[in-house]
Structure formats: C-alpha cells, structure tokens
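Student: Can you keep this structure in mind? I'll have questions shortly.
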C-alpha cells in the first residue's frame, strides 16, 4: 500500500541555546532531520511532508531534497496542530507514518516493523519499554489491544508500574488521520492540540491499536539539549563501531573512533585511536591507519599505511603507499603505487608517480612528479603568483636536491638533477644537472658581533 511520511521539525529547541534550528544540529556529521529523511527514503516512502517553523530559511538551505513537501507551521500550537499543516496533502487511501525530527537514530528495520504491524490493525504505535518511565505516558492494554495512554501524573500506582511508554511515532490511514485531526481540541492547560489524543479517539471507535518496538530505546530518544545531543552522538558512534568490527575491521579502541559519513573497507583493516572519518571514504585490504588521522572523502588502496597525525582530504592513495607521519594530502592529491610522502609534506592538485618519494618538509602544489623521482627535504613548488596557479612537471627518476624552489611553470626532465638550494625558473633538460644559487663567499678571521 502507498504510504507517506510526516516529519515534525518545527520546534525551536530553546534548551539547545542556539541560533540553529534544533533539527539541524548534527549527529554523526549529518543534520538530525536529514538522517530521518534518508531513512524514510530508503524505506520507500511515496511522499515526505516536512513540517517546519523556526529557522525555515536555514532548513531549506540545508535540506536540499527533491520531492519534499514543505508545510509551514507558523505558530507552534502542539504536535496535532503540526500534523494538521500536512493534512491537505495527504490522501485518504494511503497510510501515513508520523515521525519526530529530533530522534535521528531510528532504524529502517524498526520502521519496517511498524509498517508491518499497521497492515493488521487500524493504528500502529511505536512504543518502548524503559527501566525508569517516570514522567512518561503509559501504554494501557486490554486483551493485548491498546486502549489508552495515561500520563504519569494521572496514572494509578498499578499503571505507574507499567514500563511501556509512547514515543509519539505512529502510523494510520490518511482517512482516519484527517478525521481525527479535525476533532482535536486545545482545551487543556497548555492550550495546544496534542497528536496523542487521536489514540483515545481510535479506542473510542473500537479501532484495533497495536504496537511495534525498536531494537534499543536509543532509537527513539530525542534531543532537547547539548547533553542529549552528545549522548546520541556517542550512541551512534558505538553502533557504527560495532558494525565495522563485526565486518572484520580492527579498531584498537572503539570508544576513540568517529565515523561522520560512510566507510567502505576491505579485509584486515586496522584503525588506531582518535581517527576521524568524514564523508565517503574507502579503505582497501590490509590498510593501516595510524593514531589521530583525519580521512575525508578519500580512497586508500590495498596495503597502504597512513602514519599518525596525517590528514587526507579528497585525495587518492595508491597501492602500498606510505603517508606520514604529519602529512597532509589536500584535494586533488594522487599517490600512485609504492609512492611515499613523509613527515611535514603537503600535496594539493599534485600527482606523485609510482615509487616516487617526498620524504620530508615539502610542498607539492599543481605538480606532476614522475615515477621513482626523489624530492629532497625542503623542496617547494612555487605555484602561485598572487593571481594564477601554474604547474610544475618533474620527470621520472629526477632528483631534486634539498631546499630547492621550483618556480612554476617549469619542467624538470627525466633523470635530471637539481642541486640543493637551487631556485629553478626554466626548463631543465633530461639527464642534466641544474644548479642555481648564489656563489659562496668565505671571509677569513671574521669577528663575530659581541654583546655590549
């Protein structure tokens, strides 16, 4: 049966103490509301209605989605009022799944289970059992059918002993939902329209009300402050670490690993402590990642070793390469098979050929380095004149002496040698030696300055 989703995302989130709408705060590097949208997309929803209010411009600038229906809740008058804003876009003959925008860890299989329950009843609720349900609305059942939700303050002692509580997430037919929304009243202490009132309406009509439950209570936990946000962040990281280790990745300390995107791994990958993975990252077989590294939108091929404290962003590291420690590969950096980048080397829009080496203290920008070339310590490609970027080409088997400056655009031929300390401004032919530095002058018996 066709189904639509209503995501409630209009709240300001006052306790977050932020200018950012609550649902745009990130968990695992992704805004909370975007995580929920991604989940229901994978579930196969026909339509998604996003109810927004506070920070609408920020939401629209961040959540760029096709086929997303934006429903403005100009005044925040309760959850029932929020769903009413989406009602004109809901069809009678479809089921409607209602979710909250600040519970980002809900799993696809949990929502699939809720959908399956709805197929055999009129109203399906997502409930959860808590060890301490104090302050929460209790689920009341009669012959296994849910008949009511009783708020904690109104519950009897027997009802307060019930551990099952309502999460606010539910599914019903469009026709039932719209009818019940039209009957909601704000005759309560808060003067708001509560979505949970539809449960009592359904029960009074003799509707069959059933429930599904998540694998873990953390799936339905919401965020109202920074502490809760941090707790959900850690819960997500623990979940992701468990999945990686189950799939064969060695995490030397799972509690000190952060995945803020997607990570594809081969066999026998080893990741040391304090590694952060952002965006889309792929690691081949037998890759080793040292401590304190940041990997962002990059690909690292089989048998590569990334030493500690290195940063790799939008770069490609070839098979059996070595990077670091303390190296930085910036966007457009490419290392081919068996290449090596050592400590305090930076690459940007540069290709380091097969077997080539830049072992220390080097900047390679807008450069192409041939196979088996050796780049000495302190070498700089001077690629920027203040307006334009220019390219440096270094041929295979070339040797660049330490502390050389290569002023682009410039070409160093195959097998050429550049003497240490040179400033190269023009082409160096194949197999030639280029030396371009000031002549040394020695002054005998030089009197050193003395302090007065």
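Don't overthink the numbers, they just go from 1 along the chain as shown.
The backbone N, Cα and C atoms fix where each Cβ goes, glycine too.
What you are looking at is a predicted structure, and each value in this text was computed from that prediction instead of being measured.
Per Swiss-Prot, the features are:
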{"type": "REGION", "residues": "1-226", "note": "region 'Pyrophosphorylase'"}
{"type": "BINDING", "residues": "8-11, 22, 73, 78-79, 137, 151, 166, 224, 330, 348, 363, 374", "note": "UDP-N-acetyl-alpha-D-glucosamine binding site"}
{"type": "BINDING", "residues": "102, 224", "note": "Mg(2+) binding site"}
{"type": "REGION", "residues": "227-247", "note": "region 'Linker'"}
{"type": "REGION", "residues": "248-452", "note": "region 'N-acetyltransferase'"}
{"type": "ACT_SITE", "residues": "360", "note": "active site, proton acceptor"}
{"type": "BINDING", "residues": "377, 383, 384, 402, 420, 437", "note": "acetyl-CoA binding site"}
Student: Other than its close neighbours in sequence, what residues sit by the region 'Linker' (227-247), given a CB gap under 8 Å and a spacing of at least six beyond its ends?
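Tutor: For the region 'Linker' (227-247), the sequence-distant neighbours (Cβ-Cβ under 8 Å, at least 6 residues beyond its ends) are 16, 25, 27-28, 104-105, 218, 221, 254-255, 257-259, 263, 265.
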Student: Are there residues of the same chain, six or more positions away from residue 363 (UDP-N-acetyl-alpha-D-glucosamine binding site), whose CB falls under 8 angstroms from its CB, and which are they?
Tutor: 345, 346, 347, 379, 380, 381
Student: Can you grab the distance from residue 330 (UDP-N-acetyl-alpha-D-glucosamine binding site) over to residue 420 (acetyl-CoA binding site)? Cα atoms, rounded to a whole Å.
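Tutor: Cα-Cα distance, residue 330 (UDP-N-acetyl-alpha-D-glucosamine binding site) to residue 420 (acetyl-CoA binding site): 26 Å.
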Student: What whole-number value in Å do you get for the largest C-alpha pair distance within 377, 383, 384, 402, 420, 437, the residues recorded as binding acetyl-CoA?
Tutor: 22
Student: Which one of these binding-site residues has the most other Cβ atoms within 10 Å of its own Cβ: 330, 437?
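Tutor: The most densely surrounded of these binding-site residues is 330.
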Student: Work through the binding-site residues one by one (8, 10, 377, 420) and point out the residue whose CB has the fewest other CB atoms within 10 angstroms.
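Tutor: It is 420 that, of the binding-site residues 8, 10, 377, 420, has the fewest other Cβ atoms within 10 Å.
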Student: Anything within 10 Å of residue 224 (Mg(2+) binding site)? Look among the binding-site residues 8, 22, 384, comparing CA atoms, and list what you find.
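Tutor: Near residue 224 (Mg(2+) binding site), where near means Cα within 10 Å, the binding-site residues are 22.
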Student: Give the distance between the Cα atoms of residue 437 (acetyl-CoA binding site) and residue 137 (UDP-N-acetyl-alpha-D-glucosamine binding site), rounded to the nearest whole Å.
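Tutor: Answer for this pair: 81 Å between alpha carbons.
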Student: If one looks at the chain holding residue 102 (Mg(2+) binding site), which residues at least 6 apart in sequence have a CB under 8 angstroms from its CB?
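Tutor: Result: 9, 11, 13, 22, 23, 32, 33, 222, 223, 224.
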Student: If you compare CA-to-CA distances from residue 360 (active site, proton acceptor) to each of the binding-site residues 137, 377, 402, which comes out shortest?
Tutor: 377
Student: According to DSSP, collapsed to three classes, what secondary structure does residue 224 (Mg(2+) binding site) have?
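Tutor: Residue 224 (Mg(2+) binding site) sits in coil per DSSP, no helix or strand.
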Student: Distance between residue 384 (acetyl-CoA binding site) and residue 166 (UDP-N-acetyl-alpha-D-glucosamine binding site) at the Cα atoms, whole Å?
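Tutor: The Cα atom of residue 384 (acetyl-CoA binding site) is 61 Å away from the Cα atom of residue 166 (UDP-N-acetyl-alpha-D-glucosamine binding site).
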Student: Take the C-alpha atoms of residue 78 (UDP-N-acetyl-alpha-D-glucosamine binding site) and residue 377 (acetyl-CoA binding site) and report the distance between them in angstrom, rounded.
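Tutor: About 65 Å separate the Cα atoms of these two residues.
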Student: Determine, using Cα-Cα distances only, which of these binding-site residues is closest to residue 10 (UDP-N-acetyl-alpha-D-glucosamine binding site): 377, 383, 402, 420.
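Tutor: Answer for the nearest of the binding-site residues: 383.
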Student: Going along the chain, which residues six or more apart from residue 402 (acetyl-CoA binding site) have their CB under 8 A from its CB?
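Tutor: Non-local contacts for residue 402 (acetyl-CoA binding site): 376, 377, 378, 379, 420, 421.
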